[in-house]
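Here the structure comes first, spelled out in structure tokens, and everything after it is commentary.
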Amino acid sequence: MEAFDYDDIQLVPNKGIIKSRRDADTSIKFGNRTFKISVVPANMESVIDEKLAIWLAENGYYYVMHRFQPEKRIDFIKMMHEKGLFASISVGIKDSEYKFIDQLVKENVKPEYITIDVAHGHSIYVIKMIHYIKEKLPDSFLTAGNIATPEAVRELENEGADATKVGVGPGKACITKLKTGFGTGGWQLAALRMCSKVASKPLIADGGIRHNGDIAKSIRFGATMVMIGSMLAGHEESPGNIIKINGKTYKQYWGSASEVQKGAYRNVEGKQMLIPYRGSIKDTLREMQEDLQSSISYAGGKDLNSIKLVDYVIVKNTIMDGDY
Ligand SMILES: NC(=O)C1=CN([C@@H]2O[C@H](COP(=O)(O)OP(=O)(O)OC[C@H]3O[C@@H](n4cnc5c(N)ncnc54)[C@H](OP(=O)(O)O)[C@@H]3O)[C@@H](O)[C@H]2O)C=CC1
Ligand SMILES: Nc1nc2c(ncn2[C@@H]2O[C@H](COP(=O)(O)O)[C@@H](O)[C@H]2O)c(=O)[nH]1
């Protein structure tokens, strides 16, 4: 098996066919909806809150609300529906989550998208939850994760997941690879490639995106959606306060398995860090879309499909020489 990551790869340009990058179509269908760009902010409490979820849904972006205020989820779904917006929530796999699904059914509150969000998604308990959700809420589009192997993709798809999310340990706030020795940290792109070879349903690449070009690389290696945490944190709209240190401005970014998130130092696999303040997320998302339009142009096509067909070379980290 060949191990490589985002910085080890360059995509090879093809003859361009569009007059302007504005003519490149970055839209992507995921579930029954079409979104502006194949990027979704991570379902982390330091990345998304209700206000940002509303803005994203109103403006044609896919979003996944985090699951760390579980008692607010029903009202969140109702609120989104009252505004005529789609509802996209996360669930875990503990016993209380089965009661939550029952409550949704009882109150006839049906989210359009559900993401099962646990660290080790290739698990009999995730499969049990897939079965339960598909039985109780068959019309909700169900993503299951996170996973790292083709075996996991095949199994979760066969058990009923409508999409799977790939990435165990490549995140910026992640310490899983250090604490457990496991994961796709350092070879996330190769793991995505392996998973995409067997996937018959959409894949979300999750974690490890450090440059806008990594979005195109994820698409080349099989992603339909790309989940991004650290690069979409630190914005005006991001949860948390602005922090000033020595005249510089930051916001906090913390892992969902960090002590900060858990409120206790138990099974900690994440850390907290400061992210330089970046202004509005609207500008960052616009730039991601513009860069993806350029990628489509270099791919020699008009839409995201063209990126999937390009050649690539493995350059083993040399593309970053002089860039740091
Ligand atoms: N993408 C990634 O690489 C990672 C992401 N995360 C994120 O952190 C958050 C918390 O995740 P998670 O700890 O799964 O959520 P939960 O605390 O909800 O744990 C999930 C359930 O699975 C059990 N479990 C069994 N084995 C494992 C294992 N190896 N790792 C984790 N749980 C296990 C847990 O029990 P018990 O606690 O008793 O073991 C618990 O009942 C999520 O948002 C997740 O996405 C966390 C780590 C890695
Ligand atoms: N191992 C851990 N992974 C985590 C934790 N919190 C979130 N995550 C994962 O990271 C991505 C975001 O990655 P980034 O490189 O874009 O910052 C996120 O979607 C989760 O899958 C954690 O505490 N530990």
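Any Cβ shown, glycine's included, is placed from N, Cα and C.
Here the Cβ of CYS174 (active site, thioimidate intermediate) has 25 other Cβ atoms within 10 Å, regardless of which shown protein chain they belong to. Sequence annotations record features per position, and here TrEMBL assigns active site, thioimidate intermediate to CYS174.
Following the DSSP three-state reduction, the secondary structure of PHE221 (NADP(+) binding site) is coil. Taking a C-beta cut-off of under 8 angstroms and a sequence separation of 6 or more, PHE221 (NADP(+) binding site) has the following same-chain neighbours: LEU189, LEU192, ARG193, SER196, ALA205. The NADP(+) binding site annotation in TrEMBL covers 203-226.
Taken from TrEMBL, the feature domain 'IMP dehydrogenase/GMP reductase' covers 4-308.
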Close-lying recorded positions around ligand 2 among CYS174, LEU203, ASP206, ILE209, SER218, PHE221, where CB distance stays under 6 Å: CYS174, ASP206, ILE209
Under 8 Å by Cβ from ASN212 (NADP(+) binding site), same chain, sequence gap 6 or more: GLU287, MET288, ASP291, LEU292
Rounded to the nearest Å - Cα separation of SER218 (NADP(+) binding site) and CYS174 (active site, thioimidate intermediate): 19
Per-residue Cβ crowding (10 Å cut-off), top of binding-site residues SER218, THR224: SER218
Reported mean pLDDT - the domain 'IMP dehydrogenase/GMP reductase' (4-308): 98
Residues near LEU203 (NADP(+) binding site) in space but at least six apart in sequence (CB under 8 A): VAL153, ALA163, THR164, LYS165, VAL166, LEU192, CYS195, SER196, GLY222, ALA223, THR224, MET225
